[in-house]
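**Student:** Annotation comment: TrEMBL describes 25-168 as domain 'Lactate/malate dehydrogenase N-terminal'. Annotation source TrEMBL lists NAD(+) binding site at Gly30, Ala31, Ala32, Gly33, Gly34, Ile35, Gly36, Asp56, Asn117, Ile140, Ser141, Asn142, Met249. Here TrEMBL flags Arg104, Arg110, Asn142, Arg176 as substrate binding site. What TrEMBL lists as domain 'Lactate/malate dehydrogenase C-terminal' is 170-335. What TrEMBL lists as active site, proton acceptor is His200.
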Amino acid sequence: MFSARQIFSQVQRRSFSASSRQASKVTVLGAAGGIGQPLSLLLKLNPRVSTLALYDIRLAPGVAADIGHINTKSEVQGFDATPSALAEALKGSEIVLIPAGVPRKPGMTRDDLFNTNASIVRDLAKAAADHAPEANILIISNPVNSTVPITAEVFKSKGVYNPKRLFGVTTLDVVRASRFISQLKNTDPANENITVVGGHSGATIVPLLSQSGYSLEGEKLDSYVNRVQFGGDEVVQAKGGAGSATLSMAMAGARFAESLLKAAQGQKNVVEPTFVDSPLYKDKGCEYFASNVELGPNGVEKIHPVGKITDYEQKLLDVCLGDLSKNIAKGVQFVKEKP
Ligand code: NAD
Ligand code: LMR
């Protein structure tokens, strides 16, 4: 007779070997950066990844050599900063994560990064559209509210846009919202899953605490919402000019990639918050919007509506939509003016 524990571990082993048989190439563009390195490390530890392709304008072969010594099965490839190496890094990729670009310093908004990062993301998006047109593209580079529309416009201009395969990574907002409520309520953050909708910067980040069954009032609610909206600034301040969140972001990016791989390999009911081409607020000028999204083998399976919210949350959402529509328009305009 087998114990329940023995049977469970056999089932786990079988499903592990089934999933590990599926070849999944994952590419990181910006792999030698503050996010890129720990993100690549976490992806190397993921048994669902069979090939890890690391590209950066500096140091990627070194990072690949280092990570490549870790005793997990996946093959790690590092690429020099040449167009042919970038093409090779992208070819056959199932997931392309893009954390390439500059981070904030104290006193800056994410939109202040636009001038530098818009062209970095545009050029990497061009390469992805040419060499991995069917991959899931995960945008981490800020300002996400604008870099996602930039990527979409590039893919559209090359005739390969698939709205189901483009994701702005907003997972860190949910990770923070869950952690911060657990600190207030003395609960296990692993059991918290606070819905956060909108975009990824300041007032466009809208936590929907009421949907989790919690109620905070007055100043407590204001300060919780403010901490979620400006959690990134906390890290930027604490790092004192040396960058923004890297380690928590690596965890959030790896979690999102893992969810996509799980969904691609047949797991059902995989839901993650993410900034996608969305019908929810197109009438308000927001072609892209983050809400809970069910993932599947084709990428976006189902976009969940925002659902029931309080009057307080509705006011947050109204402010969000105003800002977000401008951020989106700025990204679209950039590609029109500088294709
Ligand atoms: P970083 O400066 O440490 O690393 C960026 C890396 O990108 C560097 O290694 C750099 O060489 C590389 N790079 C620059 N141009 C490139 C190009 N054309 N091709 C390939 N690689 C290129 O910065 P970081 O801390 O890793 O942050 C990266 C980006 O992620 C920033 O824009 C930051 O604001 C953003 N970010 C987003 C979130 C989020 O929640 N979405 C969270 C944290 C940071
Ligand atoms: C974050 O939320 O930590 C990132 O968007 C980086 C930043 O600039 O705050």
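Here the Cβ of each residue, glycine as well, is placed from N, Cα and C on the backbone.
How buried are the listed features, and what sits near them?
**Tutor:** Reduced to three states, the DSSP call for Gly34 (NAD(+) binding site) is coil.
For the recorded site, Arg176 (substrate binding site), the DSSP three-state label reads helix. Every protein chain considered, the tally of other Cβ atoms within 10 Å of the Cβ of Arg176 (substrate binding site) stands at 26.
A 10 Å cutoff on Cβ-Cβ distances gives His200 (active site, proton acceptor) a total of 28 other Cβ atoms nearby, all chains included.
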**Student:** Using a 10 Å radius around each Cβ and all protein chains in view, which of these binding-site residues has the most neighbours: Asn117, Ser141, Asn142?
**Tutor:** Ser141
**Student:** Measuring Cα to Cα across Arg104, Arg110, Asn142, Arg176, which the record gives as the substrate binders, how far apart are the two most distant ones in Å?
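**Tutor:** Roughly 18 Å, rounded to the nearest whole number.
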**Student:** Can you go through the binding-site residues Gly30, Ala32, Gly36, Arg104, Arg110, Asn142 and pick out those with a C-beta less than 6 angstroms from ligand 2?
**Tutor:** Arg104, Arg110, Asn142
**Student:** So if I take the binding-site residues (Ser141, Arg176, Met249) and measure from each Cβ to the nearest atom of ligand 1, which come out below 6 Å?
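**Tutor:** Once distances to ligand 1 are taken from each Cβ, Ser141, Met249 fall under 6 Å.
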**Student:** Around Gly36 (NAD(+) binding site), which residues of its chain at least 6 apart sit with Cβ under 8 Å of its Cβ?
**Tutor:** Val28, Gly30, Leu54, Asp56, Val63, Pro99, Ala100
**Student:** So, in DSSP terms, is Arg110 (substrate binding site) helix, strand, or coil?
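**Tutor:** The residue in question, Arg110 (substrate binding site), is helix (DSSP, three-state).
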